[in-house]
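Single-structure report; data block below.
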């Protein structure tokens, strides 16, 4: 599945009020990963996933903020999204970008309402190009449960 860049950091947190009042909202949990790769991708075939932040909404769904680098972006050819895969390569979700981001590199966008089944501990984020499809540097993100 191409080169996979490892998990860099995992963050977990929950908001708590130390004043003694109870907060009935679910705790927020998140995990992030980032890659240290060559930023010059003007001749690349695929976009590279540079960063990802996975955050629970507290009700069973997840949001995923993804940073893609595609320095070659133009209206004719550009990074047009990503997909989220489990360890077996099953697609858990896909996000589409509707236009080029030539003036905004790298580009960061968020996918909401991502369903990640119980038992999935790590997801892989893979970029997509309008001309070449899926490929490029991927990123693994630990699911913080």
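Each residue, glycine too, has its Cβ placed from N, Cα and C.
The compositional bias 'Low complexity' feature in TrEMBL is assigned to 19-36.
When DSSP labels each residue, the compositional bias 'Basic and acidic residues' (93-106) comes out as 0 helix, 4 strand, 10 coil, counted as helix, strand and coil in that order. The compositional bias 'Basic and acidic residues' annotation in TrEMBL covers 93-106.
Annotation comment: TrEMBL describes 15-42 (among others) as region 'Disordered'.
Distant neighbours of the region 'Disordered' (93-113): 50-51, 61, 63-71, 73-75, 77-84; these residues of the same chain sit at least 6 beyond its ends, with a Cβ under 8 Å from one of its Cβ atoms. Residues or ranges marked as region 'Disordered' in TrEMBL: 93-113 (among others).
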